[in-house]
Amino acid sequence: MKTKSAVYAIVLSLLTCFMITSCSNNSSNKEQKTTSSDMKKDSTAISKSDFGTTPDGKKVEQYTLTNANGIEMSVITLGGIITTLKTPDKDGNMGDIVLGFDNVDTYLESPYIGALIGRFGNRIAKGKFSLDGEEYTLATNDGSNHLHGGDKGFDKVVWEAQEITNASGVGLKLTYLSKDMEEGYPGNLEVTVTYMLTNEDDLEIDYTATTDKKTIVNLTQHTYFNLSADPSQDILDHVLSVDASAFLPIDGTLIPTGELRDVAGTPFDFTSPKKVGKEIAVDNEQLKLAKGYDHCWVLNGDGGMKEAATLYHEKSGRFMKVLTTEPAIQVYTGNFLDGTLTGKEKVNYAERSAICLETEHYPDAPNKSEFPSVVLEPGQTYNTKTTYSFSLK
């Protein structure tokens, strides 16, 4: 009996130890998951700071958004400008992959660097268009043409900002009322642009607008990218792909001729990835007119969300994918940067030190009926979406 009791005691003791160990392990695992989740939540943040004032005395604020993986983006209320965007390279080193400045004054003098563009992104020939037989005249701020919304487009105004924090990431909702006939455009246009920096390492941009009078709208974002995070280097070694079988040839003033030209057999064929600099200097009339690439590609696919382009920097491993609901994308290789603008870290921005990938409707669409319409009527809502997705390769 004593032997049996001893055996029972040993078995009971072993079972008790097993149960305690099991409970302890389960508790530890649960705590680890919770701790991991809490750390992820804690690393998502939004902070606000003063950035300066405009010449007319308006306060400019900077919001810094950080996602769960440590990717950091700063946006100022002047022009909705993305001032910094820090992502890791393949060795885990964070680097700022966009051009930008440290003060308001330089942004006001700069060629749209990092800014929201409107009311009409890209060019309108001779600064004129007609709606229902009425002609409207806009500023001619690019030679004889109208560019990026005029002398004081959306890049030069101060937007209202509202912070966003949710399970998917952090963001900023920007709103602006462009009043009737501002920069020559008809209608009171209420605009909302939302930036979301997700925990999937995507920068999602959502554009919406409504009007009380028939008008035209074509909004975009004009960030200059250099995936090396060193703008003293050019972007000719970046590998670019564009999912487009046609592009829009331009005339001597960079206005589309109206033709949709097949990219096959031309330096404009990026349907297979190739280095930006591979054919940028070849003897080609279109490249000479723009001093490089400053053209609109007509994207393949329908009006749904689709892959428009990819950009890859082999040395750093940084890879960026662009998806959009827009029908076109403007690729601009910084041909008119001339080294006179001094950016962050006191780097002078030279020719081709960055590349812009601007999702959009076609340039000069108001004057070319064969192009997709950019007209917005009262009661309608303008809405487009673009995502810049960051990863390593």
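Cβ coordinates are placed from backbone N, Cα and C, and glycine is handled just like the others.
Heads up, TrEMBL stuff is auto-annotated, nobody curated it.
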Original post:
Which candidate from ASP56, ASP283, ASP294 does TrEMBL annotate alongside ASN122, ARG123, HIS222, THR223, TYR224 at the beta-D-galactose binding site?
Top reply: ASP294
**OP:** Across all the protein chains here, work out how many other Cβ atoms are within 10 Å of the Cβ of ASP294 (beta-D-galactose binding site).
**Re:** 20
Subject >> TYR224 (beta-D-galactose binding site) CB neighbourhood, other CB atoms within 10 A >> reply: 26
Original post:
When a 10 Å sphere is centred on the Cβ of HIS222 (beta-D-galactose binding site), how many other Cβ atoms does it contain?
Top reply: 23
**OP:** Round to the nearest Å and give the CA-to-CA distance linking ARG123 (beta-D-galactose binding site) with GLU358 (active site, proton acceptor).
**Re:** 13
**OP:** Please list residues from the chain of ASN122 (beta-D-galactose binding site) whose Cβ is under 8 angstroms from its Cβ, counting only those at least six apart in sequence.
**Re:** LEU147, HIS148, ASN218, THR220, CYS296, GLN330, GLU358, GLU360, TYR362, PRO363, ASP364
